[in-house]
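Peer 1: Would you mind keeping the following structure in view while I ask a few things?
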Amino acid sequence: MALRFPRFSQGLAQDPTTRRIWFGIATAHDFESHDDITEERLYQNIFASHFGQLAIIFLWTSGNLFHVAWQGNFELWVQDPLHVRPIAHAIWDPHFGQPAVEAFTRGGALGPVNIAYSGVYQWWYTIGLRTNEDLYTGALFLLFLSAISLIAGWLHLQPKWKPSVSWFKNAESRLNHHLSGLFGVSSLAWTGHLVHVAIPASRGEYVRWNNFLDVLPHPQGLGPLFTGQWNLYAQNPDSSSHLFGTAQGAGTAILTLLGGFHPQTQSLWLTDIAHHHLAIAFIFLVAGHMYRTNFGIGHSMKDLLDAHIPPGGRLGRGHEGLYDTINNSLHFQLGLALASLGVITSLVAQHMYSLPAYAFIAQDFTTQAALYTHHQYIAGFIMTGAFAHGAIFFIRDYNPEQNEDNVLARMLEHKEAIISHLSWASLFLGFHTLGLYVHNDVMLAFGTPEKQILIEPIFAQWIQSAHGKTSYGFDVLLSSTSGPAFNAGRSIWLPGWLNAVNENSNSLFLTIGPGDFLVHHAIALGLHTTTLILVKGALDARGSKLMPDKKDFGYSFPCDGPGRGGTCDISAWDAFYLAVFWMLNTIGWVTFYWHWKHITLWQGNVSQFNESSTYLMGWLRDYLWLNSSQLINGYNPFGMNSLSVWAWMFLFGHLVWATGFMFLISWRGYWQELIETLAWAHERTPLANLIRWRDKPVALSIVQARLVGLVHFSVGYIFTYAAFLIASTSGKFG
């Protein structure tokens, strides 16, 4: 009996129903709830699993390099990045007829292939890779790192190599090592790679291990560093006529502050990027020496937090008690990490298109669209996860005595004010934005488009102007041609910035109008409503007026039985579940906005977005319907084309999405009756009844069915939009 799954819970292993399997899977990673778990084993298990995670990441990136080297056209693409379509990998499919073979044979390939929309070609090209051999070398190295990570994970589960709890809770040492080691040293190493390999490659110089020590990255070598003449490293940058990857128009500078974009590649100057990483390295190397460890010097985190007591007394005991609360709660730490990572992932989405770092990626429109959408969706899931673990912290780890009258306790004490203010903001944004959209729709429907309410986003335009955009005529700060900042910017710092801001060929500070104003507020509504649901879930996780003893029921409970009305749907898990729908909704608006604005920008018909985005029918007709036309003709009775796979995925995505509602709308009783009928039929069907099982089939729990429904909804939603996005963009621009 003891060998039955799940091994980590004897109670579940003895469950006579199929609940054993599903609950076993659901709690497999909830180490805290496992039998015989100790705090020490908990930390050690998580630590070891991190190495497994790293191994998977290295294996995955190694696979990307390997397949492109084996089946891609990297060397061909390098010769002409703007016109050769990069190949991700070959397709072998016995279902392909001759028309499909022809449709999918692209990019100079001999047979059917997938085109890469991930940007890896541009990334590898920018960092100095040039041949398939380079890619194979990288793949092998990452495979080696993957194996090392697996060995390290196994090693740290062996008794002699298991770190103690005190090692895991040594916050200062961890901060120092992560700041200096992880960020500082790796940023410095990356600066080194850019200066020694990538920048020479961009100037036609091929640096590898065999000539690494012979090629000086700068004509004067380390001289300027030791003599304090650092400005010499910035002199003679690449000229505006520089052809990337060649010596034509190349300079000798390695660390610059040019600003703006390389005219040919439309990406940031590599010498600016190297300078940026050097600055980051310096800051983090200093930061990683600030906390007190073995030598009795530097800051103590506990002292820092305990000192944060506002003198006016308006925040009670301030940050007292927070050090132990955070340091002893893995859920709190995970919540903070996820919140930070979520914000950074969203910033990556924004900056990858507005300030592209990789050569020629800005001209690969489908890749730009795919990467923006990809990073925004990931950011959404990570951020909702932050609140989920924040709520679990309040249920499992929060100690009221330890946090009496500090900022954490005061958040809980005035949660009604927080939640009601968020609710008011959401209602205000929602009704006003929808009201404006609907008014504009009615005006168009009745043939009086001139009666639309169109609000210019003057504050946002003023901010853009302050940063140097002149087209609005605000004449303020950097857009004021007579101002000292404007004139200094021409020579002293970032001379290319003002040109870049005022050029129409990039995505930096796009011109905005009434359509942008409206969709901005629609997105603000989505963000505030998602936040409202998540914040309410976390702040009410321990209890509410309706259910003061909520924390005793755990993170995810369906209801407290039939005798206590109104306790359904109020667990912290339910808040997370509802928030994910709103998160997906919001990111839908974000990606629709980004994609439509950019399609019109790339096609040169910006007026379509400006005129049609001020009313809902414009979005439905001129964005969704108009851009799905090529997609839904991917295959028809007369034949198929290279969009057919996306057309099929579009259909399949709708199917998966719709399946979600089956789980979300019908509940346990319906499924239990169905299961019992099916089991009855199975037992009476010849041949089928030879197959028997020990577990009595029972329906999923309410919470599990909601999870399954949510997963189908989310996956289907993303599949559908991914197919639409890639097909509509690649169908127009190749």
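For all residues, glycine too, the Cβ spot is worked out from N, Cα and C.
According to Swiss-Prot, the [4Fe-4S] cluster binding site annotation covers Cys559, Cys568, on the basis of sequence analysis. Marked as chlorophyll a B1 binding site by Swiss-Prot on the basis of sequence analysis: His654. What Swiss-Prot records for Met662, Tyr670 is chlorophyll a B3 binding site. According to Swiss-Prot, the feature phylloquinone binding site maps to Trp671. If you look up Swiss-Prot, you'll see 46-69, 135-158, 175-199, 273-291, 330-353, 369-395, 417-439, 517-535, 575-596, 643-665, 707-727 marked as transmembrane segment.
Tell me about the surroundings of these features in the structure.
Peer 2: Long-range neighbours of Cys559 ([4Fe-4S] cluster binding site) (same chain, six or more residues apart, CB within less than 8 Å of its CB): Thr567, Cys568, Asp569, Ile702. In the three-state DSSP classification, Cys559 ([4Fe-4S] cluster binding site) falls within coil.
DSSP assigns His654 (chlorophyll a B1 binding site) to a helical segment in the three-state reduction. Residue density at His654 (chlorophyll a B1 binding site): 15 other Cβ atoms are found within 10 A of its Cβ, drawing on all protein chains shown.
Classification of Met662 (chlorophyll a B3 binding site) by DSSP places it within a helix. Around Met662 (chlorophyll a B3 binding site), the C-beta neighbours below 8 angstroms that are at least 6 residues distant in the chain are Gly709.
Cβ-based neighbour count (10 Å, all protein chains) for Trp671 (phylloquinone binding site) stands at 17.
Residues 31, 87-89, 116, 118, 120-121, 124, 132-133, 135-136, 138-140, 142-143, 145-147, 149-150, 152-154, 156-157, 163, 168, 330 of the same chain lie 6 or more positions beyond the ends of the transmembrane segment (46-69) yet place their CB under 8 Å from a CB of it.
Within the same chain, residues 171-173, 175-181, 183-185, 187-188, 190-191, 194-195, 198-199, 234, 254-257, 298-301, 357 sit at least 6 positions outside the transmembrane segment (273-291) and bring their C-beta atoms closer than 8 Å to a C-beta of that stretch.
Within the chain carrying the transmembrane segment (330-353), a Cβ under 8 angstroms from the stretch's Cβ atoms is held by residues 42-43, 46, 361-362, 368, 371-376, 378-380, 382-383, 385-387, 389-390, 392-393, 396-397, 507, 594, 598, all 6 or more beyond its ends.
Outside the transmembrane segment (417-439) by six or more residues, the chain places 411, 452-453, 455, 518, 521-522, 524-525, 528-529, 531-532, 535-536, 539, 614-616 with a CB less than 8 A from a CB of the stretch.
Non-local neighbours of the transmembrane segment (575-596) in the same chain are 353, 369, 372-373, 376-377, 380-381, 383-384, 387-388, 391, 516, 519, 522-523, 526-527, 529-530, 533-534, 536-538, 540, 609, 613, 619, 623-624, 627, 706-707, 710, 713-714, 717, 721, 725, 728-729; each lies 6+ residues outside the stretch with a CB under 8 Å from one of its CB atoms.
Residues 117, 366, 369-370, 373, 377, 577, 580-581, 584, 588, 591, 595, 624, 627-628, 630-631, 634, 643, 646-647, 649-650, 652-664, 700 of the same chain lie 6 or more positions beyond the ends of the transmembrane segment (707-727) yet place their CB under 8 Å from a CB of it.
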Peer 1: Give the distance between the Cα atoms of Trp671 (phylloquinone binding site) and His654 (chlorophyll a B1 binding site), rounded to the nearest whole Å.
Peer 2: 23
Peer 1: Roughly how many Å separate the Cα of His654 (chlorophyll a B1 binding site) from that of Tyr670 (chlorophyll a B3 binding site), to the nearest whole number?
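Peer 2: So the Cα of Tyr670 (chlorophyll a B3 binding site) lies 24 Å away from that of His654 (chlorophyll a B1 binding site).
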